Amino acid sequence: MADPSFSYTLHYPPVDGSLLFPEIIAFNAEHNSNVPFFVFPEDGSANGVVSISHLEFYRACHRVAHALRPNRAGPDGEIIAIIAMTDTIQYFALLVGVIIAGYIPFPMSPRNSAAAVSNLLLKTSCHRLITTQHSLQPLLDGIKSELGSFNFSFQDVPCLAHIYPKLGLETIDDPFEPFPARPSRPSASEVMMYLHSSGSTGFPKAIPQTHQTVIHWCAAAPVVDTKLYPADTCLGVMLLPSFHTLGIICSLYLPLITLRSVSVYAPTSYNDPKAIPVIPTSENILEGVQRTNCNALMAVPAFIELWALSPSAIEILKSLRFLASSGGPLSEKVGNALASVGVPLVNVYGGTECGGLNSMFRRKDEVCDWVWINLSPRVMFRWVPQGEGLYECQILQSEMHRVSVENLPDVKGYATSDIFLKHPTKEGLWKLVGRKDDIIVLSSGEKTVPAPMENTIASNPVVGGTVMFGRARNHVGILIEPRQGFDVNIDDPKQVAAFRNRIWPEVEEANKAAAAFSRIFKEMILITRPDKPLPRTGKGTVMRKAAVTIYDKEIDALYDTVEASTTVNKDVELPKDWSEESLVVWLGEHAARVNSDKKVDPEVDVFEQGFDSLTATFLRNRIIGSLSSSTDSNVRTTARQIDQNIVFSNPTIKRLSQALARVVSNPQFTGKEGSLINRKVELENTLAMYSEGLPGTLSPQVEQPNGDGHSCHVVLLTGSTGGLGSYLLASLLENEQVSLVYAFNRSSKDGKSSEERQKAGFEDRGLDIALLSSPKLRYIEGDAAQDKLGLGDATYDKLRTSINVIIHNAWRLDFSLSLSSFGSNIKGTRNLVDLALSSPNAPSLRFLFTSSISSAQGWDKSKGACPEEVLFDANVASGGSGYGASKYVCERILEKSGLQASSFRIGQISGGQPRGAWSVTDWFPMLVKSSLALGALPVAKGVVSWLPPHAVSQAILDVAFAKAKPPPVINLVHPRPVQWAALMQSIGDALVHNNLLTKPLPIVAFEEWFSRLEQKAIGASADDFKEMPALKLLPFMRMIAQSDKSIRKVTSDGEAGGFVVFSTTKAQQLSRTMRELAPITAEDVALWMKYWASKGMFM
């Protein structure tokens, strides 16, 4: 629909070569001064939209030139690299401003590795880099290290407020000083700027762009044909990186030449130069489309496929004049579905080496041909037959279109290696079907090279042939033809499973050498039929494309099955009836199957018998699969009612059988309520049981001094070998006020001594191992849940009479378990309290408990931040995890003990100095690893108050040794939180910087990310859990996703993921560490990533 408010007279700049690129900028400033160039949404502005005119953009570019080269000092032609995270309107003013200054810009991806960037700089003799040092410091440090003695300098990007002083309000009457003009006009053959290739097969390559090349690209079909749409067309380019060829063509050349405006995100750095630009999500892109009345959009397949799942998103897409897809193959199934309901899809094709090659203009009656590319008649193509009706596309140099890279042996031109299929009836239409080198391009844009993996798998003697597939899918699969004599009846599930198991060692070997997104899941092995062998050439080589074609239906069915079903388990027969007694036996057999065939005691918590989150999830899947195989339709219906947490809520086989019996008899019951014990009542009963007989107060005695600087403290530290425990031990051993430390730990199942484990813990975290030789250190092994802590009388009595500080840090870390699974931990806490009460030092003894913020996640957020007080309403913990409930119980036990006790509600502990150590089994590292397999990073609205372990340990000691009596509760969360979005941007940068990815992952809303994860949970295998460990925490991730969806409707920022905000007033009063703690930075993130990589997390 046309915009009636659009009333500009347009004077199109010529693209015949009479004007060069900088002159086109000036032409528009003079002849199209008020025509909108960029538009972005802004509350409070006219119509809610701000427009940057061609005049204002022109002047912004000149202000950049002044800032970079005052008075045009020095010689022309210096190459200036640009690696910056800036707002779009700032980036392009910078890019053009460098040209106007007489320099040659070289925009680079900030997601390149330091080695890749350094190689580009050296190859082009570039000695100067304009950047955003505040957001890219790890990368810049790496570049410095790589360049060594190479003469090089960094310069910050001119701030947005300087180059756009009126930001949307500038007129021709406002003061302005143009940058001094160049003495002579550049020749068309001069290099105007550099771009670089993607680097998918090695380091990115610098690709020069001459003035003539740029003008040819400005006159190319993707740009000029957009003038065929009405003059009020506004193209959404929010998703396009400003350094990328497509971003430059669509966000810069197109509005300059066609005078069609482009919609971008509102700038964030006008008032805060260090603010991170808006991170694209599928949600905020469509929001920008609506708020700026945008009627055309550029997007990548991953986002389009997400929008295809949302009816409301489809309605928005249907209203566009065109939706252009680029950056990877869009699934034809998705594209056809969208086109069938009226979404005006267009495929965009081109490259940095050759520019844009097809028109984005399509008539409405051509929508059904969306997958076919209408190549530009301005470009001279050569089609080289590849057999099977396929052709390689080559672009030949011509007077109307120049390529930037020449690689043909006979004529000037560029061989793309892209393989096309000619439309059977419509002249000029071509379909991109793959690459000459058979690279598989996934829907995320990631590329899988199949040959090495196929060859590895084919080395198994039972394998006769292999062909990988997965183009436009989110993961790959493989066709395997059994060698003659090893035929498989593919209709027999047992034979199929046996064959997969037989070849699995070679598949695992292939997976080890592959990128995360290229790994093959066991369920994605498709075995060929004997009556449909793989097609081969005369030489015996498998014809890859023909093979995928003849198995097209089976491949589609396989993806549908893997993504939508739970594996049926028939190795355990269904019970004869659904009574609790029969179910105890039946569930016991299933439990043994997932527990290495070890018999499980039905009366004992399964998590005390070796189960973890993974085995619990497998047990649930087996239950669902078995129920699904029943001949009783009511039982099959029951399979869909099983709650995700049924095993965690019912952690003994007996309780699980009770819950399952109720589900079968009443499908409305899901098992979510476990045995229907009210959680609050269970929590209060547990508290009553373990606090029985506590004095409440102690008789006053002469207290021993605290905090006087003398070596007077004898400390009992539990759980010293773990993460926080190691930092606590190091801090204690370094502290001059401590005379003796008892490091109390349970004996190890693997037979390693406490000394060995402690040394390993210090080494892993980079702590000073020399401290472990301190004469102040004593190791004790015992079990706090046992009488007298599992110690002999003499050792127990020595502890009782000597210690005056207890730091209780040992605890089971599993957020999936119910309260009853933490009974031994709670009992151990009570035993330690009894130890303290029996001590002659009891009145002055300090008992410090490392609790958790999860003990108060039920706090009423409407009351503000959770205070540093004992919370007597058990509801604050009854609705959360068993882990948090158990910590709450112990906070209350300590409150009733009469001791000088403090419970530290500790928030998320991140990695810390000196190595960035952060356990790869913690939820956030698991999220990061899973994101690689899912092809996206999640963003949540709000802040994170994570803090490093050395800060936690020191804050605890600050309180432990203070002169004043400690308060009963202290909240330890970061007093200066950071935005989740900024943190995730740093994660993305660090993944690329550490060469874990060749290009950045898209960042999507947490809800979308979780949707991908949840789909993977259906029928998840052991390999799925290895690739996506976040599957183990599905309920936790679901909670964050649901909370984030609600939070996005609120304007103010709280804690990301819907977590409670905690007051730190007392913590900062009592601890200098907390008062002076610096926020998390990109440097911290870089340390985490380096540590995770060193632990093999990404292998």
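Cβ atoms here come from the backbone N, Cα and C positions, even for glycine.
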| Per Swiss-Prot, member of His211, His216, His244 binding AMP alongside Asn347, Val348, Thr352, Leu432, Val433, Gly434, Arg435 | His244
| Which value in Å gives the longest Cα to Cα span across the NADP(+) site residues Thr721, Gly722, Gly723, Leu724, Asn809, Ala810, Trp811, Tyr883, Lys887 as recorded? | 20
| query | For Gly723 (NADP(+) binding site), what is the secondary structure state per DSSP, taken as helix, strand or coil? | reply | helix
| How big is the AMP site in terms of the longest C-alpha to C-alpha distance among His244, Asn347, Val348, Thr352, Leu432, Val433, Gly434, Arg435, in angstrom? | 23
| task | Using DSSP reduced to three states, classify Thr352 (AMP binding site) as helix, strand or coil. | result | coil
| task | Using Thr352 (AMP binding site) as the reference point, find which of the binding-site residues Thr721, Asn809, Lys887 has the shortest Cα-to-Cα distance to it. | result | Thr721
| message | Cα-Cα, whole number of Å: Leu432 (AMP binding site) versus Gly723 (NADP(+) binding site)? | response | 52
| When the Cα-Cα distance from Thr721 (NADP(+) binding site) is computed for each of the binding-site residues His244, Asn347, Val348, Gly434, Arg435, which gives the smallest value? | His244
| Three states by DSSP: which one describes Lys887 (NADP(+) binding site)? | helix
| request: Could you measure between Asn347 (AMP binding site) and Asn809 (NADP(+) binding site) for me? Cα positions, answer in whole angstrom. | output: 58
| task | Note down the number of other Cβ atoms within 10 Å of the Cβ of Leu432 (AMP binding site), including every protein chain shown. | result | 18
